[in-house]
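Chemist: Structure below; questions to follow.
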Amino acid sequence: MIRFFQNLENIPRFGWITWILILVLVFAIQLITLDDLLHIYKDQVQITDYGRLTLNPGSEWSLTWRLAEEKPILLWSYLGPMIAELSYHLSGASGIGSRIAALLGGMFAATMMFGWLKSMKVSAYAAFGLSLAILLDPLFVLSQRLGRMDSWVIALCVAACWVLRETSNRRSGSVKNLILAGSLAVIAGMTWPSAVFLYPLIILELIKSEQGERTFGENWKKVGLKLGYFCLGGLITGIVLLIPIRENLMIIFGDMSTMVSRNVNSSEGIFKSLFSFFDLQVWFKLIKIHLKTLSVFLPLLALVAIVFKRNKGLIIVTLVSIFLIFSSLVYEFRALYLLPYFTALSGTIFLENKGEPIKIRFVKLGNIGLSVLVLWSIGISLFLRTGMAMDNKSDGFLNNIYESASSTIGEGPFKVFLGFNYEFYFAGRSLDWQLYNPYVKYEFDEEGNWISDNKYEPKAQFENLLSKMDYAIFKESEMNNELEKQLINSGLIYRRVLNPDEKIASSKRVFENPTKEKILWYLNGGDTKVSYLLYGRTILQEKEKKDELSHKLNLAQKE
């Protein structure tokens, strides 16, 4: 495999053509099984709903409904949600549109990584292999298949790094490049707030010396000038992007403070969060994330680079990013933003340093590590994940969701409380429902799982919201006496059980090993063998009885 990549080094045009062909092949394989990832993840739904709210900020319903304030959350990072929302309008009730958009973002990100690594003087074969590895990294692929917009954020940030590196290499107009890089950084932040975890990497590229080998340039005047042009590009772009949402800026900034407070570890105090960088348990949590998601060899190769190459600049910004992540919620899609750091660190193993003696053993070790990394990524993301998806067909689970929704509630502007059952979101929107879900504060248990013990609080506001609903949907396993009492007090009564996947209920997966179950969830999504309880308002029930009686009378008259 390494020899194949090495052959591309002397034929750059062929290398790019080969890269494009690989992108097309990878996209086609993933597209075949994209709808077989049955689980509709909450982030996919919430991001799409943020996009809907961007287009309709006065909406009276939302999947991020603040119970106490009786309003939705508005977000200033609206570009990623807009991509998801526009993708929904193209794909409809299946919800596959945002997943396709995320896959395209992943291809863009890997391509930007290829260019950036080449501009860093990484050997062409290694740049090719590392870019392919991040394209197919199991954690990166998981993010895309769950319809998140992380891939676009990473693509834009890496593109900014590439542009800045080209500026250091003096290959094009530096002023234009600096302004462009600043624009890309701001666009990334306006795509999704998690771009902040990649800003240290962009800053590192910005303050590189003319040779690009030292972290801090000797001429600080030039560094200041670079920073000025960079900030100018970001400022102009930021102002332009804020214009469409200018009328709601004060509301958005207020909502963002709420969102930030709920996206840090709210179970910890501020000082404990800051010192979590020195907490071994948090480091173990990060390691566990990469083990569970099978994204293990890229961090290991980066660790080898840290030990043997010791690129101080990359090591420092990697630690800064880890510190930022540790100060917030440490979970899979925060750890995801370390992948560009790991890739850049790994690239230092393969730098073309003509003035330095080549250590044959180290080169062989690097090539072996790169081969294992690429083969692992291909094996997990293309073969294992695809094989599991093909073997785990559900006879159209999402189609069954739509059929259940349309046959029980039907089409119309019904107010429906989803009870965190996000799989009904795309079907509900296609049926013109008004969907509600509270925006809650999440914390972690001792196992590192997300928990929220106060999903339906404040209780008074929750019952008030239920009293305005026409229907409510809850998982049967989550129903309890207190919740049912609240439903009855709100005028909602039990209607029926919904079993969208009852045709294959006998194939339900059962695991004795929780770790194995978690790993397989990351590979192929959650279990679809779930029963839902539908609650409806009494007046609607009486109307349906009258409609049924009227229908029977019409049939009798025809006979």
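Note that Cβ sites are derived from N, Cα and C of the backbone, with glycine treated the same way.
Where the annotation comes from TrEMBL, it is an automatic prediction and has not been curated.
Heads up, here are the entries from TrEMBL:
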- 14-34: transmembrane segment (TRANSMEM)
- 96-117: transmembrane segment (TRANSMEM)
- 124-143: transmembrane segment (TRANSMEM)
- 177-203: transmembrane segment (TRANSMEM)
- 223-243: transmembrane segment (TRANSMEM)
- 289-308: transmembrane segment (TRANSMEM)
- 313-331: transmembrane segment (TRANSMEM)
- 365-384: transmembrane segment (TRANSMEM)
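What's the neighbourhood like for these features in this structure?
Modeler: Outside the transmembrane segment (96-117), and at least 6 residues removed from its termini, the chain residues within Cβ reach (under 8 Å) are 19, 23, 26-27, 30-31, 34-35, 37, 44, 47-48, 83-84, 86-90, 126-128, 130-132, 134-135, 140-141, 143-152, 154-155, 158-159, 161-162, 165, 340, 343-344, 347.
Taking Cβ pairs closer than 8 Å, the transmembrane segment (124-143) reaches residues 1-2, 4-9, 12, 15, 18-19, 22-23, 26, 30, 102, 106-107, 109-111, 113-114, 117-118, 150-151, 154, 289-290, 293-295, 297-298, 332-333, 335-336, 339-340, 343, 346-347, 349-350, 366, 370-371, 373-374, 377-378, 380-382, 385, 522-523 in its own chain, all 6 or more past its ends.
Here the transmembrane segment (289-308) has Cβ contacts under 8 Å with residues 133-134, 137-140, 142, 315, 318, 330-332, 335, 338-339, 341-343, 345-349, 362, 365-366, 369-370, 372-373, 376-377, 380, 448, 515, 518-519, 522-523 of the same chain, all six or more residues outside its ends.
Distant neighbours of the transmembrane segment (365-384): 1-2, 26, 29-30, 126, 129-130, 132-133, 135-138, 141, 294, 296-298, 300-301, 304, 346, 349-350, 523; these residues of the same chain sit at least 6 beyond its ends, with a Cβ under 8 Å from one of its Cβ atoms.
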Chemist: Residues sitting near the transmembrane segment (177-203): Cβ under 8 Å, six or more positions beyond its termini, same chain?
Modeler: 47, 76-80, 83, 149-150, 152-154, 156-161, 163-164, 166-167, 226, 229-238, 241, 259, 317-318, 320-321, 324-325, 333-334, 337-338, 340-341, 344
Chemist: Please indicate, using numbers and ranges, the residues of the same chain that are 6 or more beyond the transmembrane segment (223-243) and have a C-beta under 8 Å from a C-beta there.
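Modeler: Long-range Cβ neighbours of the transmembrane segment (223-243): 76, 79, 167, 174-175, 178-183, 185-187, 190, 206-207, 216-217, 249.
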Chemist: Please report, as numbers and ranges, the same-chain residues at least 6 past the borders of the transmembrane segment (14-34) whose CB is under 8 Å from any CB of it.
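Modeler: Residues 8, 96, 99-100, 103-104, 107, 110-111, 114, 124, 128, 131-132, 135-136, 141, 144-145, 382, 385-386, 389-390 contact the transmembrane segment (14-34) from elsewhere in the chain.
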